[in-house]
């Protein structure tokens, strides 16, 4: 055995040295490093040991250490930086300007301290809030930075405990089980024998499933732990970036050999080491340069639509303030100019000259700015923030958002856009995991063109009831009994050939507990159960017909010789064998055992069955291998010409320095040549066979009974996607059991054949461009290189081997299989199943060697690595042989149809953006009631931009003619009165468009007509769309239509869409937390969106708009009192109220009631809002905050200020009261008017409202009495001494306050009375329903809904009556699809021809 290994090492050294010279022949390594540092694209990592010491000290200065700081402030810069940030607000700058202006003696209106008070209070409140938030971050940073880890010390020559903050790039880190990774590091050693490290990334992306990371090739075979002192290699990698799914670089050894690095070799900061006793790595990114920190961008800030409107209205208030100040300045100048002599109160300058009237008017302009400053509501911004916090608190504590099965509730991650939830016009929803449960259940499959309907499994799914967590153990036993029944009765596939009914779609909803709970000992607590492992997903009942054929594979493999097997049977058995091997192998599933939580499953060296002779093993696999396909009706495979199977050494296997497979192949061949008998006693098994685990031989009993009765091994599969888990569990149901997985090999227990260990050469992961995944393995006995591929049929069908003229029978048979499989795929899609194609390819050693060279260059490059890897994958995945297809059901979540119906009644348009094929998307759209049976469906599918544009214009013409005809017919039939919130559209259409056509539609020239078409449709389904296309569509609707958009999704592919929308909602499903972390709101079920929008969205918007309008009213009404007084004091800027009361009136006495009003007011109860979604349109259309309500509010404020000023004025006219005695009744009446105005506007008054309003009144009187009793002159010569005390004993004071309040509020009160009796709006009508008894309330709501249905029926009859006379552009789905597909045949089709085709519909 030593000779082949020595020869293989020699061959490897030659391959590496040759390619190393080819890759770096132009430049030396030193020049390469220099150029990389100058360009800044690469990073060189050098260990801080040995002869690298001097170079390390130079390079390490360029990189950050591992200390992190997420705080914004320090003790020294807190005050200046916080003030600097606060003065970015225009309102704060405005009040700072007033403070500075009041220090100018010529224009001074108040005492300097009084003017500063409002600004100081606001700045202090916000500074305290920011300081507390930053201090909490500081404590967290300190705790993280002081965590301990093992770092290698070159002084002590051993690993010592060091704080995280002292870790640097180039340090060697040693981690143990359950430790958190302190920095991004390349894995150089693992105590696992296969060089694997298992990590849990829940702290990074929320995914709880284990992920494998592997030691860099060349280091995984070390028997002992790596010695840092002997490490003499350099690492060159890409510069720090935030891409978690990518890492590019290579390790260059001292002999210039290079080994490529990928994300599989990188351990990311924040992840946790699991199931590995010890790992060692070298730090490549530290601190803020780690991928985790680069992805931590902090809270994202979005400005709400209401906030933008408020800023506009504040500008109107500024203009109003300027107008009032100009009036005061002009009036003051005119008033002074009326005096022929200098008035006695006009004090001259020191030189004896007086100020001219024009200059005095100019100075008075600035004095009036200071006096009327309250017109600009400085406290409005603070109040809005407080109200939003209160609204978020109520949303987060709503018990209806709690999902018991996942123990999760709503998360409000954006605190400043809650009111936008009440204005949503478009919802863009993902399908998988958002509308559906993301619980993939294996339903059907097609193998070699033969469909297997799995009727027993379908019956189990329909009758399955979700188990409670306390019944999990008993349910597990029952499900196991159901799965392993000894007999199944045969049924015809036609019995279940029907679309999925609503019951089967909705019955099995919710989140299911794990099949086996984790009760590990000595392990840290795990984050819940394993995803994709509920009993409904794992327990698959095999199909009777397929199970029978499967059992024949096992029996005939041992009982019949190769000559006895017919070609048809051999073809079918080969297909079935390869199909289930592909299901078990083509994935990245991690295998663990339940009795040791998160422990990797290791395969024993010997199989469970006695080993027969190697010759018998070879004969058995020859019937199932590709060698037989040359004489069977399958595509022929080119055999290796010159080299024998054992003469070629796989470069991939030598990458990993594992030579067991080629050595075994040679030993097995020699053993087979020496062996001349079939008796197992005479067979001598080489020791190397233990690593391959080829077990052959069986018991003499029936293999079928062994399949049915033998218990399945206790294994747990941890998959990254639910599709992978479903396929692996389906293969397991047929006893094709994935037993273990390492970076080098995959072990599968295939029915009666025993354990088969395939050498794992490559994994080409799934991506959204290729839409497929492949694995490259070497057959354990035939030594052939096999490629198993699974992916979407839209791309897989184009990669199959094509049959040309004069082809043989095998290729014609493959063509027939392709046609039959395509029919099955279309049928699966119509049933709403997710489809995957399974294919296979056999490569000769020469073909694999040629491809491997290109792959090696791609893996060891840094620049354009992604493009090179993509090119190598495309080069491999060609000329495939179709094995079959699968149909997987993804069930609707509970309450999805009701939610979509309610949202549509609320006037929200819903688009489904999914990557699934058209038939699947349309079926789910019908099931969730996004599309109705009466809808006209237009399917837009074209390869030509011109044809697409023409077809969309023809569709638009047809829809417009139908709409106009429906209007005429409805006029003839007579119109039925209906509120705008209950009217239904006259024409109901739906649009379905695929990803390829979407590329043309999103072109600038077609965007307008596309949006015009979508506005005419009630629903749009975009299928086979990429994540980038999803975000482009959302941005297009948001920017072009100026609509409020909401995007909802659950996976990483929805992140870009969620971030682009005005409001992003993430669903915390089974695919990690990427969508949740990028969202503004996170929910656990799609049905929660109904209450979030219809109830809380409506409430938040209505409350906040009413509070904002009230703030404008309150400030304008109070400021106008000072303005009216200026007409009687020569526009001198004098106030009839003491300045302290003037400032504190808005800041203290009337500030709390509007905040309570904004947090707790309810115009309609939640139950009625849920039952009548049409009420959402009032907030959606901004009825409460249109320009007309704003100006009406200001006019009302002017009227109330006139009454509040002139009633006391005429009362005390001609008396000798002083200025403060005149101003005190005005100020007191203003307080009552403003607070009682709030009571009139309140839709629901609670005890909290009462306490706050009474408390505000008491606070005012207590302060005024205490202030008047202090006998202090604050504004000489006026004195507030004993003013309030005297008025409290004067009956006229009470009469004035009562009369003023009643006269001022009478118009608004009458307006509200008329609106509540004669001119009922939908909201007021719904509010009255709450006063009825439960029986009468139900009857009233039923009548309301019946009226809406009648209105819809009248509209529909009008549409139906006109559709017969309308143009044929409104046709059935099939006709439109046919015409559009015919248009896409050629880009050169003439416009006349297309028009003729459209006219023939």
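Cβ coordinates come from backbone N, Cα and C, glycine included.
Averaged over the domain 'P-type ATPase N-terminal' (54-115), the predicted model reaches a pLDDT of 81. Marked as domain 'P-type ATPase N-terminal' by TrEMBL: 54-115.
Summarising the annotation, TrEMBL assigns transmembrane segment to 90-108 (among others). For the transmembrane segment (90-108), same-chain residues at least 6 beyond its ends with a Cβ under 8 Å from one of its own Cβ atoms are 115-116, 118-119, 122-123, 314, 363-364, 366-367, 369-370, 373, 376, 378, 380-381.
What TrEMBL lists as transmembrane segment is 114-132 (among others).
Cβ atoms under 8 Å from those of the transmembrane segment (314-335) belong to residues 91, 357-358, 360-362, 364-366, 368-369, 372, 375-377, 1112, 1115-1116, 1119, 1123, 1126-1127, 1130-1133, 1190, 1194 of the same chain, restricted to positions at least 6 beyond its ends. Per TrEMBL, transmembrane segment is recorded for 314-335 (among others).
Annotation comment: TrEMBL describes 355-382 (among others) as transmembrane segment.
A 10 Å cutoff on Cβ-Cβ distances gives residue 1054 (Mg(2+) binding site) a total of 31 other Cβ atoms nearby, all chains included. Under the heading Mg(2+) binding site, TrEMBL lists 430, 432, 1050, 1054.
If you look up TrEMBL, you'll see 430 marked as active site, 4-aspartylphosphate intermediate. When other Cβ atoms within 10 Å of the Cβ of residue 430 (Mg(2+) binding site) are tallied across all protein chains shown, the result is 27.
Within 10 Å of the Cβ of residue 432 (Mg(2+) binding site) there are 26 other Cβ atoms, across all protein chains. Taken from TrEMBL, the feature ATP binding site applies to 430, 431, 432, 724, 766, 790, 834, 914, 915, 916, 1030, 1053, 1054.
The annotation region 'Disordered' is assigned in TrEMBL to 665-686.
TrEMBL lists 1076-1319 with the feature domain 'P-type ATPase C-terminal'.
Summarising the annotation, TrEMBL assigns transmembrane segment to 1107-1127 (among others).
Tertiary proximity for the transmembrane segment (1139-1160) is limited to same-chain residues at least six positions away from its ends with a CB under 8 Å from its CB atoms, namely 110-111, 114, 117-118, 121, 374, 377, 379, 383-384, 386-387, 390-391, 394, 1103-1104, 1106-1107, 1110-1111, 1114-1115, 1118, 1122, 1227, 1230-1231, 1234-1235, 1238, 1241-1242, 1244, 1246, 1248-1249, 1252-1253, 1255-1256, 1259-1260, 1263-1264, 1267, 1274-1275. The transmembrane segment annotation in TrEMBL covers 1139-1160 (among others).
Here TrEMBL flags 1190-1212 (among others) as transmembrane segment. Proximity of distant same-chain residues to the transmembrane segment (1190-1212), defined by a Cβ-Cβ separation under 8 Å and at least 6 residues beyond the stretch ends, is recorded for 313, 316, 320, 1109, 1112-1114, 1116-1118, 1120-1121, 1123-1125, 1128, 1221-1222, 1225-1226, 1229-1230, 1233, 1237, 1292, 1296, 1299-1300, 1303-1305, 1307-1308.
Among the features that TrEMBL reports, transmembrane segment is placed at 1219-1240 (among others).
Under the heading transmembrane segment, TrEMBL lists 1246-1271 (among others).
Within the chain, the transmembrane segment (1292-1311) has long-range Cβ neighbours (under 8 A, six or more residues past its boundaries) at 1196, 1199-1200, 1203-1204, 1207-1208, 1211, 1224-1225, 1228-1229, 1232-1233, 1236-1237, 1240. Look at TrEMBL and you will find 1292-1311 (among others) tagged as transmembrane segment.
Residues 1110, 1113-1114, 1117-1118, 1121, 1125, 1134-1138, 1141, 1145, 1149-1150, 1153-1154, 1157, 1200, 1204-1205, 1207-1209, 1211-1212, 1249, 1253, 1256-1257, 1260, 1264, 1278-1280, 1283-1284, 1286-1287, 1293, 1296-1297, 1300-1301, 1304-1305, 1308-1309, 1312 of the same chain sit 6 or more residues outside the transmembrane segment (1219-1240) yet have a Cβ under 8 Å from a Cβ within it.
Same-chain residues lying 6+ beyond the ends of the transmembrane segment (114-132) with a Cβ under 8 Å from its Cβ atoms: 72-73, 78-79, 82-83, 86, 92, 95-96, 98-99, 102, 370, 373, 378-379, 381-382, 1139-1140, 1143, 1146-1147.
Between the C-alpha atoms of residue 432 (Mg(2+) binding site) and residue 915 (ATP binding site), the distance comes to 9 Å. The binding-site residues recorded for this entry are 766, 834, 915, and the Cα of 915 lies nearest to that of residue 1050 (Mg(2+) binding site).
Using a 10 Å Cα-Cα cut-off around residue 1054 (Mg(2+) binding site), the binding-site residues 766, 834, 915, 1030 reduce to 1030. With DSSP classes pooled into helix, strand and coil, the tally for the domain 'P-type ATPase N-terminal' (54-115) is 36 helix, 0 strand, 26 coil. You'll find the Cα of residue 1030 (ATP binding site) roughly 9 Å from the Cα of residue 430 (Mg(2+) binding site).
Closest to residue 430 (Mg(2+) binding site) in space, going by CA atoms and restricting to the binding-site residues 766, 834, 915, is 915. Neighbour density for residue 1050 (Mg(2+) binding site): within 10 A of its CB lie 32 other CB atoms from the protein chains shown.
Within 10 Å of the C-beta of residue 834 (ATP binding site) we count 24 further C-beta atoms, all protein chains included. Neighbour counts of Cβ atoms within 10 Å were taken for the binding-site residues 766, 915, 1030; the minimum is at 766.
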